[in-house]
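According to Swiss-Prot:
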type     : residues : note
DISULFID : C73-C79  : disulfide bond
DOMAIN   : 51-97    : domain 'Gla'
MOD_RES  : E21      : 4-carboxyglutamate
MOD_RES  : S22      : phosphoserine
MOD_RES  : S25      : phosphoserine
MOD_RES  : S28      : phosphoserine
MOD_RES  : E56      : 4-carboxyglutamate
MOD_RES  : E60      : 4-carboxyglutamate
MOD_RES  : E67      : 4-carboxyglutamate
MOD_RES  : E71      : 4-carboxyglutamate
SIGNAL   : 1-19     : signal peptide
Amino acid sequence: MRSLLLLTVLAALAVLTVCYESHESMESYEISPFLNRRNANTFMSPQQRWRAKAQERVRERSKPAYELNREACDDYKLCERYAMLYGYNAAYNRYFRKRRGAE
């Protein structure tokens, strides 16, 4: 009986120590971690935003051929479904490569 009581007390202490939530373990003290649309970009300075937009324009201009092919395939539902099974290269070749050769 004594060992059962001791085991119960030890189990209760183990549960209390494991389930204890300290304030140090919290990831964020904020009530809501999400921002509304109006305040979403206030943490970036205008110069950083301009630089990010300029870099995005450069990336858009200098995309590799496989990325352009993938975007063309993403816009066409049948090509996208075929790509899920056989890959984007095979899907692009099936739906778009023949059309280019015919023109």
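Even glycines carry a Cβ here, placed using N, Cα and C.
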Here the 10 Å Cβ neighbour count for E56 (4-carboxyglutamate) comes out at 10
Pull the DSSP breakdown for the domain 'Gla' (51-97) and write it out as helix, strand, coil residue counts. 41 helix, 0 strand, 6 coil
In sequence order, which residues at least six apart in the same chain have a CB under 8 Å from the CB of C73 (disulfide bond)? C79, E80, A83, Y88, A91, Y92, Y95, F96
Rounded to the nearest angstrom, how far is the Cα of E71 (4-carboxyglutamate) from the Cα of E56 (4-carboxyglutamate)? 16
Candidates E60, E71, C79 (recorded positions); min other-Cβ count within 10 Å returns E60
Protein Cβ atoms within 10 Å of E67 (4-carboxyglutamate), excluding its own: 12
